[in-house]
Amino acid sequence: MTSASPILLWLRRDLRLHDAPALADACASGRPVIPVFIRDALTDGLGAAPKWRLGRGLEVFSHLLEAKDSRLILRSGPPQEALQALAEETGATDVYWTRAYDPASVERDTGVKAGLKDAGIGARSFAGALLFEPWEVQTKDGGPYRVYSPFWKAVKGREVAPPCAAPKRIAAPKAWPESERLTDWAMGAEMRRGAAVLARHVEVGEAAARGRFERFLDERLESYKADRDAPAADGTSGMSAFLATGEIGPRTLWHGAMRAWHEGNAGAETYLKELVWREFAWHLAWHTPRILDRNWREEWDAFSWSEDEDRPEVLAWKQGRTGIPLVDAGMRELQVTGTMHNRVRMIVASYLTKHLMTHWRIGQRWFEEHLVDWDPASNAMGWQWVAGSGPDAAPYFRIFNPETQREKFDPKERYLHRWIAEGQGSPPETALAYYEAIPKGWNLSPGDAYPEPVVSLPDGRARALAAYEERRS
DNA sequence: TATCGATTAGG
DNA sequence: CTAATCGAT
C-alpha cells in the first residue's frame, strides 16, 4: 500500500479525534491522511467571539494532530479551489468531511462535492455532527416536526450510533504540503481588548471537553434537574462551546448520559432532553431554514417590533445597564466569559423583545457577535422561541418577569453579586473584569451609579401586551 | 422552559 | 395572614 493516494480530511466543525466518523474512515483505509482547514468566506464572516474561539480550537487541535505525528494544513480561499490545489500538490484522490446542516454550508458543500467529482476527485461526506440526520426523523405524515415534545418522544427510544474510537495512528503522506500560519489569520483581531479577558474563562480542546464531561457525569448529573436552572450554580455541563467547534461530539454525550440513565441517575433524562433541544434546532434549520433570519410564524411580521438599533435602551441592553439587575448580570457575563447561563439568555431575550419592544434579530446578532458557543440553529430557535414568533409557541404571550425569575433562581443574589460591581465595597474579579472587556468608548467604570430601569417592568409589560393585542386584531 | 390575580387551604 | 392552587391570557 506504499503507493496508496492520500485522503484529504476537510475539517470544519469537527476538531476532534474521538467520535469522528470521517476521520475514522479515512484512517481505517490505511491510506495517508492530510487534515486541512480552509479559511473561506463563512469563516471570515463569523462574529468576533466565535471567530476567536475557532482560532483557539484550531491551535489546540493542530497540537493534538502533531502528537499523532500528523499535521493540520491551513489554506485560505474558496474551498473548491483550495481542495483541488491540494489534491494536485499531494496526489490525493479523495476528500472526506463531516456534514454541516446550515443553509450556507449546505450550498457550499453541495457545490464542492459536484465540482470535485467533475474534477475526478472522490468526495464523501459523513454524519457525526448530530445524533440523527434531520431527514431521518419524520412525523407519521412524513413531514418534519414543529413541536418539541413529539420530537423528543420520537427520538428518545432510538438507537444512536455509538461514538467511534480515536484512530490509533494517522498515516502521514510522504511529503506534507505547505501550510499557512494560524497567527497570520489573526482570528482574534476583532475581539480587541476582550480577547485577554475571554481567554481567562474559556477552556479549549478535546481533552478539556472530555475531562469536563466526565466530571459532569460523576459530580453534577445527579442534581442536574434542580441545579441547571440556577445561574450561580456550576450545574450545567458546559459543553456548548465544545459542541460548536466539534471538540466533542453529540454521540459521546448521548451515550454517556444514556449509560447514567440506565444506572438510575436522576438527572440523566433531563440532560438528554437538553441535547435533543440542540438536535431539534438543527432539525428546524434544515427543514425550515427561514428560521435563521425571518419570523418562523409569518403572522409575527405584523408585530410592531423596533428594528432601530440606535435607541439608547438598546445600547443599555448591550452594555448591561438596563437597570434590571438580572438582565444586566447576564449581559455582563456575556462580555466577560463569551457565554451566558441558559435561563438568563431567555430572560435577557424576553426583556429585549418584550419590555424594550426590539426585534429579536437585533439580539440574535449581538449573541452571534459575542457568544463563544454560537450555534446558528440554537441561537435562532432560542430567540424566536422567546419572541413568540418561533415553533413550539405557547398559546399565550409569554413575558418573563426578571424580578420573579431572580427570586426563583437566584434567591441569594449570588449571580448578581458575581457580575454587578456597582454598590459593592469590594466587587469580585468577575464583576471588575467586565470593565476590562468592554470597549473603551463606553466610558464606564465600577464607581458609576447603578442605573434606574430604562423601561420599568410594569410599563414594559403593559406596552408589549398592548402591541400583542394590536397584532391580533 | 410564564405571569398575574383570584380563590382556597391551612395555621 | 401566608402559601398553594387554579384559570385566563
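Cβ coordinates come from backbone N, Cα and C, glycine included.
Keep in mind that what you see is a predicted model, and the values were worked out from it rather than measured.
As recorded in TrEMBL, the features of this protein are as follows:
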type    : residues                                                                                           : note
DOMAIN  : A:5-131                                                                                            : domain 'Photolyase/cryptochrome alpha/beta'
BINDING : A:TYR224, A:THR236, A:SER237, A:GLY238, A:MET239, A:SER240, A:TYR271, A:ASP373, A:TRP374, A:ASP375 : FAD binding site
SITE    : A:TRP305                                                                                           : site 'Electron transfer via tryptophanyl radical'
SITE    : A:TRP360                                                                                           : site 'Electron transfer via tryptophanyl radical'
SITE    : A:TRP383                                                                                           : site 'Electron transfer via tryptophanyl radical'
Subject >> A:TRP374 (FAD binding site) and A:TRP305 (site 'Electron transfer via tryptophanyl radical'), Cα-Cα, nearest whole angstrom >> reply: 24
Original post:
Counting across all protein chains shown, how many other Cβ atoms sit within 10 Å of the Cβ of A:SER237 (FAD binding site)?
Top reply: 24
**OP:** Quick one: of the recorded positions A:MET239, A:TRP374, A:TRP383, which has its CA closest to the CA of A:TRP360 (site 'Electron transfer via tryptophanyl radical')?
**Re:** A:TRP383
**OP:** Quick one: pull the CA-CA distance for A:TRP374 (FAD binding site) versus A:TRP383 (site 'Electron transfer via tryptophanyl radical'), whole Å only.
**Re:** 13
Original post:
What three-state class does DSSP give A:TRP374 (FAD binding site)?
Top reply: coil
Original post:
Cα distance, A:TRP383 (site 'Electron transfer via tryptophanyl radical') to A:MET239 (FAD binding site), nearest Å?
Top reply: 20
Original post:
For the domain 'Photolyase/cryptochrome alpha/beta' (A:5-131), what's the model's average pLDDT?
Top reply: 98
**OP:** Sorry to bug you, but what's the C-alpha spacing from A:TRP383 (site 'Electron transfer via tryptophanyl radical') to A:SER237 (FAD binding site), rounded to the closest Å?
**Re:** 21
**OP:** State the Cα to Cα distance, in Å, between A:TYR224 (FAD binding site) and A:TRP383 (site 'Electron transfer via tryptophanyl radical'), rounded to an integer.
**Re:** 24
